[in-house]
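As given in TrEMBL:
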TRANSMEM  28-49  transmembrane segment
TRANSMEM  96-114  transmembrane segment
TRANSMEM  179-200  transmembrane segment
TRANSMEM  226-248  transmembrane segment
TRANSMEM  268-289  transmembrane segment
TRANSMEM  296-316  transmembrane segment
TRANSMEM  322-347  transmembrane segment
Amino acid sequence: MDKTSEASTVKRLWNLLAKRVTESKYTIAYCTLLTLSTITCIILEAIIVNADLEIYSDLQRVDPNITTYPSTSIHLASTDTDTVALGLRRLKNENVFFILVSLFQLVLGLDAVLRQSVIQLIAHTTNQFLSTVFASIQVLETSEKNQIVNQNILDAIANATGILTRIRLYFLIALRNGIGLVVVMALFSFIFVYLSYQLFKQFGWNTYKRIGADIQQQERFRLAQIFFMFLKLDAFFQLVLCIFYTVVMSQEQYFALWSIDRKKFVGYIIHIALTALLIPALLVARYGVIAENRTVMVAFQVTQIIVIMDFVLVLVDSAGTWVFWILAVCVAIALCVVTIVISFLVAKNFDKGLKPYMQRLFDSNEENDKQDKGNLLRNEEWLIDDEDDYTPSHK
């Protein structure tokens with residue numbers, strides 16, 4: 001696609017987004033709250049990250065021998081100070097993950113308004129509640145680390161009054177902002193439920209306008225949209241978790257384990273290969289639905305089964321009781337299972353007349369649409385979802 005076509009696509013996308021965002025008081029309220037939620041969460045998470053890093057730095061002053069390795073099946077925390085330092089490193093990683101989730105939620109929410117997709121509105125609101133649960137777990141983990149420090153570590157540094165005061169202060173900052181984050185996210189979640197319900201009534205007629213009165217065809221189309229939505233969730237959660245654990249294994253020097261533990265070395269290589277193949281596999285799955293290609297869908301299902309096996313091995317290989325990590329990986333596994341099930345159901349609907357409706361998003365030029373909705377102009381932009389109110393082209 002040339003630069004002129006790309007510029008035209010971006011302009012059309014931007015104009016449509018502006019139109020959809022300002023379409024009603026509820027779309028304006030939803031997008032405003034979405035932006036406010038993202039900014040608030042990122043600021044609070046950044047404050048918590050800074051507090052955790054300051055505590056970690058002070059603990060290193062107390063015990064210069066604190067290991068820099070994450071605790072896995074190779075290197076285990078051996079002292080109370082090591083345990084707290086490990087927990088702080090994990091909390092830092094969790095906070096980075098939360099910031100990425102906040103940005104993903106922003107994109108998912110805006111995309112839901114852009115496409116006027118009820119399915120994505122539901123997904124966004126559900127993710128908001130899940131994020132609140134994860135934030136609550138973070139507060140509990142921070143509180144646990146604070147108790148360990150108070151009971152087992154602070155006595156050893158009683159003479160270092162300055163460090164003692166700093167550690168207590170930053171734990172207090174982390175806990176207060178963590179609790180504030182949970183409260184804010186819970187409040188936003190309930191407001192999102194109300195706004196999503198209002199937008200559900202506003203957007204609900206789109207499928208009827210696009211598909212018509214055929215109830216069975218509407219159900220097939222809706223199922224395909226649910227599948228596309230799960231592909232987006234998979235693209236985020238699977239990829240982020242895979243990259244995260246690749247970094248952990250690299251820090252653990254799994255690449256040097258060939259002569260020590262070949263199983264772990266092979267698992268490390270396979271995990272990297274799967275991480276590299278994740279996004280292409282998800283993109284191919286979307287093509288499989290649009291083209292109604294059963295072979296492609298089977299290949300995708302096999303890939304997801306392999307990903308599930310990899311995540312199970314990751315859980316087995318992870319040492320300790322890192323509740324946040326275990327829950328996050330379990331969510332990713334659950335998403336894989338649901339995606340596989342839905343992919344089977346979607347494939348059963350092939351060759352039943354849905355293919356003409358599965359056109360690419362923004363295939364048509366809006367100005368020409370006003371004159372002739374049946375005259376669609378083709379271009380080559382690609383997105384992982386497709387839901388718009390343009391009339392499908394029948395071949």
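The backbone N, Cα and C atoms fix where each Cβ goes, glycine too.
Unlike curated records, TrEMBL annotations are generated automatically.
Here the transmembrane segment (226-248) has Cβ contacts under 8 Å with residues 70, 72, 93, 97, 100-101, 104, 108, 117, 119-120, 123, 127, 271-272, 274-275, 278-279, 282, 285-286, 289, 307, 310-311, 314, 328-329, 331-332, 335-336, 338-339, 342-343, 346, 384-387 of the same chain, all six or more residues outside its ends. Among 28-49, 96-114, 322-347, 28-49 has the largest number of CB pairs under 8 A with the transmembrane segment (179-200). Counting only same-chain residues 6+ beyond the ends of the transmembrane segment (322-347), those with a CB under 8 A from a CB of the stretch are 90, 94, 97, 130, 134, 137-138, 140-141, 223-224, 226-227, 230-231, 233-234, 237-238, 241, 285, 289, 294, 297, 300-301, 304-305, 307-308, 311-312, 314-315.
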